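Novice: Okay, so Swiss-Prot annotates it like this:
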type	residues	note
BINDING	CYS16, CYS18, CYS37, CYS40	Zn(2+) binding site
Amino acid sequence: MKADIHPAYEAIEATCSCGNVIKTRSTLCKPIHLDVCSECHPFYTGKQKVLDTGGRIDRFKQRFGVFGATK
């Protein structure tokens, strides 16, 4: 690597809106504010919503199920 051409790679803190602070390294060299992190994201916390699309799937199978049927 060439000397003095790469940006500074320093330790920074990323602060989430939930208050969680993550220490990481970046070339940005200033604190980052996050909207969501692994502590508050619904996928990681297990509080995700399941959308009920069963009616749409059944309707699709009724209309187009004939085309996918094997002979």
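Each residue, glycine too, has its Cβ placed from N, Cα and C.
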Novice: Are there any residues in the same chain, six or more apart in sequence, whose C-beta is under 8 angstroms from the C-beta of CYS40 (Zn(2+) binding site), and if so which?
Specialist: CYS16, SER17, CYS18, ASN20
Novice: 10 Å Cβ neighbour count around CYS16 (Zn(2+) binding site)?
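Specialist: Neighbour count, Cβ to Cβ under the 10 Å cut-off: 18.
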Novice: Taking the binding-site residues one at a time (CYS18, CYS37), which has its Cβ surrounded by the most other Cβ atoms within 10 Å?
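Specialist: Buried the deepest by this measure is CYS37.
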